[in-house]
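Reading through the structure tokens given below for one structure.
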Amino acid sequence: MDPSIGIVAQRGNDRAQALAASIVEAVGADARAVVDEETGHVLDRKGVPVAAMADCDLVVSIGGDGTFLFVAREAGGAPILGVNLGEVGFLNAVAPDDAVETVVSLVADRRQGEPIAGRTVDRLRAEGEGWELAPAVNEVVVHGRRRGHGGGAEIEIRVDGERYAESHADGVLVATPTGSTAYNLSEGGPLVRPSVGALVVTQMCATEPMPPLVTDAESEIELRLTGPEGGYAISDGRNRRRLESPATVRVAVADDPIVIAGPRGNFFEALEKLE
Ligand SMILES: NC(=O)c1ccc[n+]([C@@H]2O[C@H](COP(=O)([O-])OP(=O)(O)OC[C@H]3O[C@@H](n4cnc5c(N)ncnc54)[C@H](O)[C@@H]3O)[C@@H](O)[C@H]2O)c1
Ligand SMILES: Nc1ncnc2c1ncn2[C@@H]1O[C@H](COP(=O)(O)OP(=O)(O)OP(=O)(O)O)[C@@H](O)[C@H]1O
């Protein structure tokens with residue numbers, strides 16, 4: 001059967017939409033290509049909800065890191081190829097000029113019965129009493145009702161049942177190696193090479209800070225938030241849950257990783273994008 005590909009272009013971005021049209025044209029009859037609803041509207045083609053692309057052989061995300069995270073949330077069951085039209089584009093290994101060629105080559109491999117080439121990366125599951133967040137590619141943050149002076153919350157951190165830290169803080173984040181270069185880095189956490197299986201726990205502006213912790217990927221992290229104002233648990237900056245104090249959030253590697261399709265980027269070269 002012909003491979004199926006989904007294409008998601010960043011909303012309102014003419015360049016992304018034009019590239020989506022070029023990819024549809026280039027794969028021609030070699031694959032069944034669908035675009036997302038917003039892009040379909042602009043290109044005058046029938047679009048499908050991004051969530052309906054979860055069963056595709058490949059989903060192409062054209063935009064910035066935010067668009068990639070959105071595609072992973074909606075259609076993370078499919079390998080995702082990120083085409084970088086954003087400012088940083090850390091998750092998007094492919095430059096726009098190489099996008100058509102890369103997709104055509106992945107489709108040709110798939111037609112030969114090869115799996116889509118890429119690397120599998122962990123996501124994080126965060127849950128509390130009777131709720132669960134969407135799996136996080138980058139990080140789960142637990143923070144007080146607001147950041148800064150007079151805000152924050154008291155947060156105790158336990159790793160595999162053992163207490164590691166307890167302090168008043170703006171928040172605490174648990175990051176994957178993929179997310180180590182994002183919010184974690186801004187809060188003073190370490191870089192983790194993508195090949196390392198690990199979780200990172202970083203406090204945000206703690207009054208009694210501990211150094212950031214790198215722990216094994218099998219760890220169970222428990223974040224217990226107390227204080228008068230409650231707070232929030234947030235996955236990849238977008239999917240959030242209000243917490244009434246006291247609240248316990250459990251974070252661990254999820255059962256469903258994602259596959260980042262396409263060529264493996266040079267990690268150290270990519271870091272230059274962050275400067
Ligand atoms: N102070 C900060 O650094 C800060 C604050 C809030 C959110 N974030 C990050 O933004 C992500 C949500 O992305 P968004 O686009 O919806 O919000 P956004 O537009 O506010 O993105 C913030 C920045 O983070 C970059 N980014 C995202 N993932 C990255 C990664 N894995 N490595 C390096 N840089 C990365 C984006 O390119 C963007 O420049 C969250 O997962 C969080 O990691 C960072
Ligand atoms: N095709 C689309 N359909 C529906 N929603 C979309 C689509 N493209 C983007 N979005 C929404 O926009 C958000 C991400 O885009 P955002 O404008 O933050 O840009 P970005 O990809 O991070 O790029 P930049 O690096 O330029 O900021 C997603 O979380 C999603 O809610």
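The backbone N, Cα and C atoms fix where each Cβ goes, and this holds for glycine too.
Small disclaimer: the values here were computed from a predicted structure and weren't measured.
For D65 (active site, proton acceptor), the same-chain residues lying six or more positions away in sequence with a CB closer than 8 A to its CB are G86, V88, G89, F90, L91, N92, A182. The annotation active site, proton acceptor is assigned in TrEMBL to D65.
TrEMBL lists D65, G66, N138, E139, H168, D170, T181, A182, Y183, N184, L185, S186 with the feature NAD(+) binding site. Secondary structure at Y183 (NAD(+) binding site), as computed by DSSP, is helix. The Cβ of Y183 (NAD(+) binding site) has 20 neighbouring Cβ atoms from other residues within 10 Å, across all protein chains displayed.
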Binding-site residues whose CB lies under 6 angstroms from ligand 1, from H168, Y183, L185: Y183
Spatial neighbours, same chain, of H168 (NAD(+) binding site) - Cβ under 8 Å, 6+ residues apart: G152, A153, E154, I155, A206, T207, E208, G227
Recorded positions whose CB lies under 6 angstroms from ligand 2, from D65, H168, T181, Y183, L185: D65
